Amino acid sequence: MTTIVEEEPLFYIVMLSIGSFFALGSIIIAVILILQHFIHYNKPNHQKYIVRIIMIAPIYAIHSLLSLFFKRQFWALFFDISRDCYEAYVLYCFFKLLICFLGGEEALKELLSKKDTQPLTWPLGYFFSFTPKKSFYRLSLGLVLQYAIIKPTLAIVAAILYYNNKYLEGDFSISQGYLWITVINNISVLIALYFLVMFYEVFQNELSPHSPILKFLVIKSVVFFLFWQTVVITVLIWFDALPKSDVYSSEHIGYFINDFLVCIEMFITSIAMGICFSYSDYVIDKSTHDEILGNGKRSSSRGIGSRSGRNIKISSKIKNIKNNFNRYRHNIGDGLSDVNNPKDIILDTIMVAKLNKNNNNTNNNEINNGIIDNNNSNNIENNGKSRNNIENNIDSQDYFNFIDLNTNDKEKQSKSKYFKIKMPDSDQSSLINLDQCESPSILYGSLNGASNNNNNNNNNNNNINNNNNNNSNNSNNNSNSQFESIDINSNSVNSNKNQSDAILFTF
């Protein structure tokens, strides 16, 4: 310590001393709060996320203190990587905590099914509105999770660029990676925070008993405010607006100021964490709560004011603390195990990736189905024109070959210039001119197996009438309609297709 005092400027010694005091205070407050949550570990699904969130204050404090001590030299880069990874992780944990407050994923999806249309979060709410559905949860989770992935990834990229002389903090030139990484980080965190706010607004009434506003402000101040504080100081360094000293440049002084401020801010953050993430919400037995605090209320009636009474009170406190530690050591072990288990974020990442893949496949299928439907509509329209353009001078032998839906004789399905299509038990028929068709294939079929079962002809006619009245819903309501595509060149059945009428032609 003597060496530091003799060789370092006074302002640096003051910053390091005061920063150490506040960093140590932040660590003590956070550790006490975490232990209290572990002792009353009655809702693991809630408290494991709460403990992870509380840990950001001591982690930031330790990072800033070490960065200040090492003067942001070699080790500071690794501190930044670890801090950035955990910062993004905390935002994800807060989102999962909100889901737990709502009763879990299944309860959340049930709530979404009952939501009405509402405007988007400011400023887009002036122009757009939306109706939250089940997909809103998946979208919000994915966009919060993207920050938890992009932030540490860019931190690792920054380390690689740094060792290749392509990354220099405070250098906003296009050739350096600092500018691009800062821009991408800013966009990523804005998207994550925007959808986090939107998620809160959708479930504002359901989350109000848990006082989420203060919790969100604490998280936002750590994630968003500190990011912009670093950017502002970096800009001041870039414009050489900070003072210099005989030992350190304005760049080093800017980094010292930033690390010093973070140490103080994390002390305030730890106090705020103790208020908005209190363990008292998870205390079941109030008498146990008194014993854990060691206030000696159960033995306070013994000779208060006397020396022996004070000794009994002190020994009672020690005994209570010891007994409670033995009693709740399993809770502490379970809490440490849950907090350090990254299974949830891994499973959520895999789930979002699979859902996005399935959505892409679904969208492609919908597009393909839309194309097929359009082609079918065009084919039906062209077929209608073909039926209306039958020539008057048709040769009599061209009428010979026709498809009769009342027969199973495939030999009659030979190639001909014209085909006569006869409805089951109906005198109506239609003619098709194959010369006007690009591909000589025709759809024939029956409703409820009418061509194979003559006993159901009356029902078939009723179904045909119903199908004609419900063409817009034929894909869902006519599951009994079976049509087979016949290639007239090969006289073979190609596929089965549901349609809404007994006469449909595609070529």
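Placed from the backbone N, Cα and C atoms, the Cβ positions cover glycine too.
Of the candidates Asn186, Asn498, Swiss-Prot marks one as N-linked glycosylation site, and that one is Asn498.
The list of residues near the transmembrane segment (260-280) in space but at least 6 beyond its ends in sequence, with Cβ under 8 angstroms from a Cβ of it, reads 15, 18-20, 22-23, 25-26, 29-30, 33, 36-37, 39-40, 50, 53-54, 56-58, 60-61, 63-65, 68, 211, 214-215, 218, 221-222, 226, 229, 289.
Count of Cβ pairs under 8 Å against the transmembrane segment (50-70): among 88-108, 179-199, 222-242, the largest is for 88-108. Sequence-distant contacts of the transmembrane segment (222-242) (same chain, six or more residues past either end, CB-CB distance under 8 Å): 56-57, 60, 87, 90-91, 169-172, 182, 185-186, 189, 193, 250-251, 253-255, 257-258, 261-262, 265, 269.
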